[in-house]
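Here's the structure, in structure tokens; my notes come after.
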Amino acid sequence: LQIATATTLQKGEATRTEIPSLNHCYPDNNASCLKTIRKKEIYLFFYVFAAVVIVLTVFGNLLVIISVSHFKQLHTPTNLLVLSLAVVDFLIGLFVIPFEFSEAIEECWYFGETICPFYINYSSILVLVSVLNLMTISVDRYIAVCHPFFYSTEITNARMGFCIILIWLVALVYTVIFIYFTGGEIVADNCVGMCRLFHYQEWWIVHFIANFALPVSVMIFLYGVIFLVVRSHARAIRSVVQNVAEAESKKRTLSKSSERKAAKTLGIVVVVFIIFVSPSYLLNFLALSLSASNKLLTELSDSFFLLSNMNSGVNPYIYAFFYSWFRQAVKMILTFKITSPSKVMKIKERKMQNVCLVLIF
């Protein structure tokens, strides 16, 4: 099937209007799925956009991985979580987003029946690991801010490393059980050229709760508590230093600045994550409620799922670029100074303490 044309009259002149038509994913196979034929300029725009997103996602997370891994000053429990998040987001940018963009642009799965189940499995694992990492970061920051003495004595790098391993194991076990032991089936959606996971409605509801509703609820609750505690501490500090000499006014300014920075970071983390992730899950939940197959809902669901994965590209710039230690590390990486033994990044202890106070991921 080729581009259909239609003739319309406008001010006495005949104009030709191109109407996008449909074609099979595999033109020589009438059993293959249908796809929309678009102009070459539209395909070019989408593929350039996809390339930019993939490069930014992979490059940004790679900088975080190198920074935290290379500089021993950054080997803290919180930064180990940041490293784990960067690793999974790097893998999403490298092995998930390209397939998602290809399927969204072409409206077809061109990578074969063998790769399809493998892709469904590892993409599900990576997405869940990313969400669990974010939730664990909120727990880590809650303990650090609300129970600082317990955090400094009990939360060690070794224990955080064990927690990260547990996160990956939980995601692996959950995904295997959800796909293979609860009636799930990876099929071609009644035509060749599609890669879909079909499941019973009640299990999709469980999936919605486990992958979205529960983690987001935990994050919002804990970040809300952190915000209240930070404000309470800031007010207490201001009341103590209210009548001291002018020399102390700088400290009050720093306290207010830290409070605003913490509040700003909290808002960015929670709002951006929800904006990127919630449309996909809420739309899927709506489709389940309607209990009907709808092409528009399917296309929107694919687009929003791609949007949720693009959150992986935003994470490095939210969680890292706001802080001086990361900018300093990136500068050394890009100028190749990390390869020189005489060039070692030194972060003052005072700066690291300030980062711990305001780095509310």
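Here the Cβ of each residue, glycine as well, is placed from N, Cα and C on the backbone.
Whatever TrEMBL says is automated annotation, not expert-curated.
Sequence annotations record features per position, and here TrEMBL assigns domain 'G-protein coupled receptors family 1 profile' to 60-319. Taken from TrEMBL, the feature transmembrane segment applies to 44-68, 80-99, 119-139, 160-183, 203-230, 262-283, 303-326.
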Contact between the transmembrane segment (160-183) and the transmembrane segment (44-68) (at least 3 Cβ pairs under 8 Å, separation 6+): no
Cβ contacts under 8 Å made by the transmembrane segment (44-68) with residues that lie 6+ beyond its boundaries: 74-75, 79-80, 82-83, 86-87, 89-90, 92-94, 97-98, 101-102, 105, 310, 312-313, 315-317, 319-320, 326, 329-330, 333, 338
